[in-house]
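See below for the structure under consideration.
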């Protein structure tokens, strides 16, 4: 299909590569937002009073049902008393399964998702990733009312969709990001994970406190569906396929990535030396760093809302605001660091390798 030499009004006002970066960032924000909303919403879904009373009937749980000296007891005028209990009598084990099962799907879909994005279309892999999350989120209240196993299936489905987002965006950035702008574009896209976490936690807290826990899934799932429409019509897999782009920008991207300005064919695929990759010291170091970083990230993500509720006795609004603060600072810092590193590299003060090492050090 012939691609127009010049883009339309949108393509001239906003560079097409940054349309991709902005929508990619919003997509990552949606996936992470729909991932973490349950951590806050579940605080309002559980009948904490009944769960504690039921624990008295189980000798091995009786101690945990008593007020602990490590817990903050609310005062008589505390606003935490305004929070009503939810309908679910889920034990700690069930709570753990419902919250953690997302990662079962997340783990198994990442490598296959990346391969599918490379061989077919990263655009559509990303689209189906978000769509699966939206559908499962909208169905979560109905499934939870039916049985917790049904809620688990929804979360596993979300995990399968969420697992392919990073591989899909890696493929898209490899085709769209000029080397000189790669740090900024990647940071813009992946900073959406922190921003989505912040917005989701705040929204989940406010919605649960005002409209009930079901509204968390209906409102956030419904709003996220708008992104799917924009993504389908505004995003293409490569600059060669994008009508919303000027000829100058298309040539800039293609030539910076080692292609010819008048060659709009896809780059020749090269074989990957997998043995050298998996025996590479830097690669293994990154794997360890990322694993350790995720341990802390997801510990905060999943456990902090319950700690605020059960130990510190925060109400829903206070809980959501306090829990979101670490991720808000993470978003600001990641954006500032990427711009600073690109400036230092552009001035010749540091090499690209040094910039990557500094980013990895502070990021993990």
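If you go along the chain as it appears here, the first residue is 1 and each next one adds 1.
Any Cβ shown, glycine's included, is placed from N, Cα and C.
The shown structure was predicted, so the numbers you read here are calculated from the model rather than taken from an experiment.
Cross-referencing 215-235, 236-256, 341-361 with TrEMBL places the feature transmembrane segment at 215-235. Long-range Cβ contacts of the transmembrane segment (124-142) within its own chain (Cβ-Cβ under 8 Å, at least 6 residues beyond either end) map to 24, 27, 30-31, 34-35, 37-38, 113, 116-117, 151, 154-155, 157-158, 160-162, 164-165, 167-169, 172, 213-214, 217-218, 220-222, 224-225, 227-228, 231-232.
Taking residue pairs at least 6 apart in sequence, the transmembrane segment (16-34) and the transmembrane segment (215-235) share three or more C-beta contacts under 8 angstroms. Taking Cβ pairs closer than 8 Å, the transmembrane segment (16-34) reaches residues 7, 10, 126, 129-130, 133-134, 137, 158, 161-162, 165, 169, 172-173, 176-178, 181, 185, 188-197, 199-200, 203, 220-221, 224, 227, 230-231, 234-235, 239, 242, 244-246, 249, 253 in its own chain, all 6 or more past its ends. Counting only same-chain residues 6+ beyond the ends of the transmembrane segment (148-173), those with a CB under 8 A from a CB of the stretch are 20, 24, 27-28, 31-32, 34-35, 38, 88, 90, 94, 97-99, 101-118, 122-123, 125-126, 128-133, 135-137, 139-140, 182, 185-186, 189-190, 237.
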